[in-house]
Amino acid sequence: MSLSDWHLAVKLADQPLAPKSILRLPETELGEYSLGGYSISFLKQLIAGKLQESVPDPELIDLIYCGRKLKDDQTLDFYGIQPGSTVHVLRKSWPEPDQKPEPVDKVAALREFRVLHTALHSSSSYREAVFKMLSNKESLDQIIVATPGLSSDPIALGVLQDKDLFSVFADPNMLDTLVPAHPALVNAIVLVLHSVAGSTPMPGADSSSRGMPSSAYRDMPGGFLFEGLSDDEDDFHPSARSTPSSSTPSSRPASLGYSGAAGPRPITQSELATALALASTPESSSHTPTPGTQGQSSGTSPMSSSVQSGTPITNDLFSQALQHALQASGQPSLQSQWQPQLQQLRDMGIQDDELSLRALQATGGDIQAALELIFAGGAP
C-alpha cells in the first residue's frame with residue numbers, strides 16, 4: 001500500500017448521524033517512518049485542521065479508538081491503529097473553576113434540620129411538597145444555582161434526587177458527618193426547608209423560620225417557592241404567591257453564615273450539565289416515605305449503618321445505597337430506552353453494557369457526558 005493510501009476515518013462522538021470525515025495523512029511528514037510513527041498529539045492537530053469549524057483547538061478534544069481514550073504521548077502503532085480505522089472525537093469544554101461551599105453555622109443548621117425532620121415525619125402535605133419540589137428539574141436547577149459547591153458534589157446531588165436518601169440525610173444526627181464532608185448538601189437542605197416553608201404550613205410551632213414573611217423566602221437564594229412548578233402543584237398555600245417588594249432586603253438562612261451577594265450567580269451551561277451528569281440516581285424513587293414506613297426504610301437502607309456509626313460517607317457507600325433504585329428501574333427497559341446510544345458506544349469499542357447503561361442513565365442519555373463519565377478514570 002502506497003503512502004497516499006494512508007488515511008483514517010474521523011467521527012464526532014456528539015454527532016452520530018453525521019458522515020465520517022476522511023483524514024489523509026501528509027506524506028511529506030512521514031519521511032522514512034510509517035503511519036504508525038505519528039503521535040496522538042500530532043493526529044489531534046491534523047484533525048483540528050481538517051474539522052476547523054467543529055474542532056477549533058486540538059487541546060479541546062480526546063480521541064477514542066476501540067473503547068480506549070488515546071494518550072497524547074503514544075503513537076498510532078501503540079494502539080494498533082491501521083489505515084482505514086475509525087477514530088472517534090470527543091469534544092471537551094474548558095473546566096469551570098471550583099466553587100467552595102459556603103460555611104455552615106452548625107448550631108443554626110441543627111435547629112433547621114430538627115424542624116425539617118419533624119415536618120417530614122408528621123405532615124404528609126409538607127412531605128409531599130418537599131418531594132414534588134426535588135423531583136422538578138427547574139426547582140433542582142435553582143437549588144444548584146443558589147448553593148455554591150453543590151454542582152461539584154455528586155453525592156449531594158444524588159441525595160437531593162432520591163426520596164429515601166433525602167429522608168435519611170435530613171436527620172439531625174447526620175450533621176456531624178455532613179458538615180465537614182458535604183457542607184453544600186447541608187446548605188441545600190436548609191434552602192429546601194425555607195423554600196417549602198413559604199408555601200406549605202409547618203406542622204410545628206417551635207421554628208424560627210415560621211415568623212419570616214413569604215417575601216423573605218422568595219428573595220433568598222433557593223427561596224423560589226415552587227416557581228418552577230405548574231399551578232396545580234402550587235395550591236398548598238395560595239397566599240404565598242404574593243408579589244415581593246423590591247425594597248425588601250434579601251435574607252438568607254442563618255446556617256449559611258455568608259455576607260456576600262444575596263442574589264443567585266449566573267450558572268454556566270457546562271457547570272449545570274456537569275452537575276446533572278454527576279447526579280447518578282434515578283429522577284425519583286417510586287416510593288414516598290410515610291411516617292409509618294420511614295423508620296423501616298431508613299433502618300434497612302445501606303446508609304443506616306453510617307448514620308449510627310458516624311463514619312464518613314464514601315462514593316462506594318453511596319453507590320450501594322442507590323443500587324436498589326437502579327435495580328428497580330429494570331435493566332431490560334433501560335436497554336430498550338438507550339439502545340441507540342448503547343450501539344454508538346459499542347461502535348466506539350465500549351462493550352461493557354452495564355457500565356454504559358449506568359453512564360447513560362446518569363446523564364439522561366447524553367452520549368457526550370456519558371463518555372466523559374466512562375473515561376473519568378483515564379485510559380485502561
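Just so it is clear, glycine is given a Cβ too, placed from its N, Cα and C backbone atoms.
The structure displayed is predicted, hence computed values, not measured ones.
Pulled from Swiss-Prot, these are the features on record:
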- 239-255: compositional bias 'Low complexity' (COMPBIAS)
- 270-312: compositional bias 'Low complexity' (COMPBIAS)
- 333-377: domain 'UBA' (DOMAIN)
- Ser230: phosphoserine (MOD_RES)
- 201-313: region 'Disordered' (REGION)
Looking only at the domain 'UBA' (333-377), how are its residues distributed among DSSP helix, strand and coil?
33 helix, 0 strand, 12 coil
Over the domain 'UBA' (333-377), what is the model's mean pLDDT?
81
